[in-house]
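Student: Sharing the features that TrEMBL gives for it:
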- G170, R171, S172, T240: NADP(+) binding site (BINDING)
- 10-125: domain 'Tetrahydrofolate dehydrogenase/cyclohydrolase catalytic' (DOMAIN)
- 144-294: domain 'Tetrahydrofolate dehydrogenase/cyclohydrolase NAD(P)-binding' (DOMAIN)
Amino acid sequence: MSLTTTSNLIDGKQTAEDIKAEIAAEVAALKAAGKKVPHLAAILVGHDGGSETYVRNKVLACERVGFASTLLRYEDDITEAELLAKVDELNHDPEIDGFIVQLPLPKHIDPEKVIEAIRPEKDVDGFHPMNIGRMVAGLPALLPATPSGIVELLARQGIKTSGKHCVVIGRSNIVGTPVSILLAKNLDTANCTVTLCHSRTQNLAEICRTADIVVAAIGRPEFVTGDMVRPGAVVIDVGTTRVADATKKSGYVLKGDVNFAEVAPLASAITPVPGGVGPMTIAMLLLNTLRAAKGEIYPR
Ligand SMILES: NC(=O)C1=CN([C@@H]2O[C@H](COP(=O)(O)OP(=O)(O)OC[C@H]3O[C@@H](n4cnc5c(N)ncnc54)[C@H](OP(=O)(O)O)[C@@H]3O)[C@@H](O)[C@H]2O)C=CC1
Ligand SMILES: Nc1nc(=O)c2c([nH]1)NC[C@@H]1CN(c3ccc(C(=O)N[C@@H](CCC(=O)O)C(=O)O)cc3)C=[N+]21
Ligand SMILES: [Mg+2]
């Protein structure tokens, strides 16, 4: 048995704690200067188990850094018009610096319509087309939290990205597409050559094997297997799927998109699920809220 304590695990939880401590120090300074503390609001529609957990984690994280937070809950029979009216209330509430509408929404509500109704200045999810467009153009923007969290996590782990081939699996508007754009940017923390893969990609396993960095954002438990990963690659697992497990008190286990048992021994560095990308998402949401409150992106 080996006694070595070195590990290739990327500790997203600790990195997120570091970022939250930095935010808390800024909030303390704002308070000391007699200024208003940042205030995040979250709209949660319905009773999806995962959504409830994430929103609860966001509210707890606000408390941890000294933000004010408001959770607005609605039943899943809320009409689109009613939800849009709530969004507009928050848009015009001077107390609220930023807010999110937790996804997914019930089928009768068009998420694009709701996202477009959020004032870009308060869109701390970074999902509004104004923020996406500004990100693509390389202008200051409120950046989507999971993609910026991945870039920040690589940077704080000292993982070199410049010139590396990054294969992103999944092209959603909230993870795969924006992370591929950010990683390809001419930034010290990016500068990757990016390949964006999706369900129509041919020879996916072969393409993955050419990656220096794999980002898996698919939503299919243990999709990325050992044969898809080059020894020495860095593996970022975004997936968080609840899989039923009767042996657990909660009744489920959280599974990533990477077959951890197969891939971890090969990878030079790998994020666990839980404790990897998820906590970083929350830390970056708080950072966006601080930026919104300070009027950093859209001066007030
Ligand atoms: N940790 C965190 O902070 C976060 C975690 N997540 C998790 O990340 C995962 C992905 O979320 P999200 O991006 O919203 O998912 P979506 O369901 O919106 O997108 C999934 C993507 O994966 C692609 N895909 C599906 N099957 C395959 C396949 N067999 N081969 C290749 N590509 C495939 C789809 O392709 P196509 O476009 O062709 O359909 C699609 O682009 C989920 O588990 C989610 O819970 C999400 C956000 C934050
Ligand atoms: N408007 C909106 N914004 C989002 O950012 C958003 C969303 N909708 N809908 C769903 C996805 C998913 N998402 C996660 C956030 C944190 C964890 C997280 O903290 N995960 C913990 C574990 C949490 C648990 O125990 O379930 C971890 O990975 O360690 C996971 C997933 C944000 N999303
Ligand atoms: Mg989705």
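Glycine too: its Cβ is placed from the backbone N, Cα and C atoms.
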Student: Please name the residue among the binding-site residues S172, T240 whose C-beta has the most neighbouring C-beta atoms within 10 angstroms.
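Tutor: Comparing the binding-site residues S172, T240, the most crowded Cβ belongs to T240.
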Student: So which binding-site residues out of G170, R171, S172, T240 are up against ligand 2, CB under 6 A?
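Tutor: From G170, R171, S172, T240, counting a Cβ under 6 Å from ligand 2 as near, the near ones are T240.
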Student: Mind checking how the domain 'Tetrahydrofolate dehydrogenase/cyclohydrolase catalytic' (10-125) divides into helix, strand and coil residues in DSSP?
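Tutor: Across the domain 'Tetrahydrofolate dehydrogenase/cyclohydrolase catalytic' (10-125), the residues distribute as 60 helix, 19 strand, 37 coil.
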Student: Please give me the CB contact count at 10 A for R171 (NADP(+) binding site), counting all chains in the structure.
Tutor: 19
Student: Of G170, R171, S172, T240, which binding-site residues come close to ligand 3, meaning Cβ under 6 Å from one of its atoms?
Tutor: S172
Student: Any idea of the Cα spread of the NADP(+) site, G170, R171, S172, T240, as a max distance in Å?
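Tutor: In whole numbers, the farthest two Cα atoms are 16 Å apart.
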Student: Excluding near sequence neighbours, so keeping only residues 6 or more apart in the same chain, what lies with its CB under 8 A of G170 (NADP(+) binding site)?
Tutor: G176, C197, H198, A216, A217, I218, G219, V238
Student: According to DSSP, which of helix, strand or coil covers G170 (NADP(+) binding site)?
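Tutor: For G170 (NADP(+) binding site) - judged by DSSP and reduced to three states - the answer is coil.
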